[in-house]
Amino acid sequence: RFQACVYFASVFQAMSCGIHYLASVFMAVTPNFVCGIPGNVSSVLFYNSSESSIEDTWTLWTSTENYIVVQLENGEIWELNQCSRSKREASLDLAYEYKGNKSIFSCSDGFLYDDTKWKSTVVTQWDLVCDREWLAKLIQPTFMLGVLIGAVIFGDIADRLGRQRVIWFTSAGQFVFGIAVAFTFDYYSFVIVRFLLAMVSSGYLVVAFVYVTEFVGIKARTWASMHVHAFFAMGIMVVALMGFLVRTWWVYQVFLSIATLPFVLCCWMLPETPFWLLSEKRYEDAQKVINIMARWNKVSTPCKVSELCSVQQDDLVSGRMVDRDTSSTKKHNILDLFCNWHIARRTITVWLIWFTGSLGYYVFSLSSVSLGGNEYLNLFLIGAVELPCYIIACIGMDKLGRRNTLIPFLILSALICVLIMFIPQDFNILIILANMAGKFSIGVAFGLIYLYTAELYPTIVRSLAVGSGSMMCRAGSVVAPFCVYLRSVWIFMPLLLVGIMALLSGILTIMLPETLGKPLTNT
């Protein structure tokens, strides 16, 4: 009972990590837009359609190459493009086509945006279009950079100061910075506060994994650690729902941040893990936590920390040689993952799987809103498809083995990427289903690699291996938004890159050993 309460309280907050990681898909939308106009409009022309206002033309807008012709009250006729406007010199009639002289001007009067779908986004708030478009494209990569740095910093702090304090700080930080993002006054303050939000979100996720693993018993550890990802996916589904209900970016951000307020109010009740307290030689504190666990779980036989420690002391005395070996373990560094060709090949393969898993995960998630159809439903389904994928991953890991589950799902995701390229663009439902299948298969690989990495390496470099793999994973998440932007070069470019990486990873995984049922190595 005690472990279940601690587990569900901890993973509930993992939803907020999913929320903040994907919030920008609707917050930083670029709607249709044209240059602002230097006066009052009397009539509007779009192709053969005459409208009373520019707002009426947005339903007809099909391409960035489109332009709108307007006549002002003073008789001037202007052509409004997305990043420039031109004044017709000698035109008296209002016609769409014009071959005469034009004077081209920049958009000094700002821009007019289509607000039929979104009342306001960060793009419309700070005019992040045309020559400032690159600033909009930096919003997600800078967030992911914060994720990378936060994972390193808070993972280290959690080992020094304890899991409990870091969970308190990062969950409170998520709420405070989440609300603060909504009230930033310019683009640069927005990016800085989002960067800090990314650091605490990532820090929470990393420490929550360790926290629940240290509390949950061995028999449930695989399922428990895997389903932290499932709550992250539920966060993505909340983003889709909130995006559908709220169409003003700062209100949307406030609601998303309030979603996990209950945890912030009760997280101070979570105890420190006995594992960490014992490692710090705080035996009395560890005994208190164990007594609370025993009381909650109605365990009658008392568990004395002093007895456990005396057994450990006996083991240490009888194994002086082992102790001498462990005293030198602190000198290990990242180069030990490349100590010989055999281990180096294993490390390169594992890093590639981490990178590919993260890249594929975020490419499928971020590009789901561009698939056509209802973008809110698309994102919701992309999140929902993860829930069964972790169940399949757990069953596959226990029944078939780690490697034998990983290989087919990596190769399957590569084949799905190729398949999507051959589906005609007007087959919306088929494209969405194929993307869900792609996210499902890459999700299985992504969820499985955490445990597989820990089992592939000996105790002395195990944390280092998982930590470095996690860094490659964060690198993949930084690259993913740029990969999605390559849609403007060729619509299938992101899928092609993910497909190549997944195929390469799948082939290299064949050379990895199977770890199911094997004892963990120590040297």
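The backbone N, Cα and C atoms fix where each Cβ goes, glycine too.
Among the ranges 8-28, 134-154, the stretch that TrEMBL annotates as transmembrane segment is 134-154. Residues of the same chain lying 6 or more positions beyond the ends of the transmembrane segment (166-185) and with a Cβ under 8 Å from any Cβ of it are 10, 13, 16-17, 20, 154, 157-158, 193-194, 196-197, 199-201, 203-204, 207-208, 211, 250-251, 253-254, 256-258, 260-261, 263-264, 267-268, 270. Count of Cβ pairs under 8 Å against the transmembrane segment (405-423): among 134-154, 224-244, 348-364, 429-452, 464-484, the largest is for 429-452.
Across 348-364, 429-452, 490-512, the stretch most heavily in contact with the transmembrane segment (224-244), judged by Cβ pairs under 8 Å, is 429-452.
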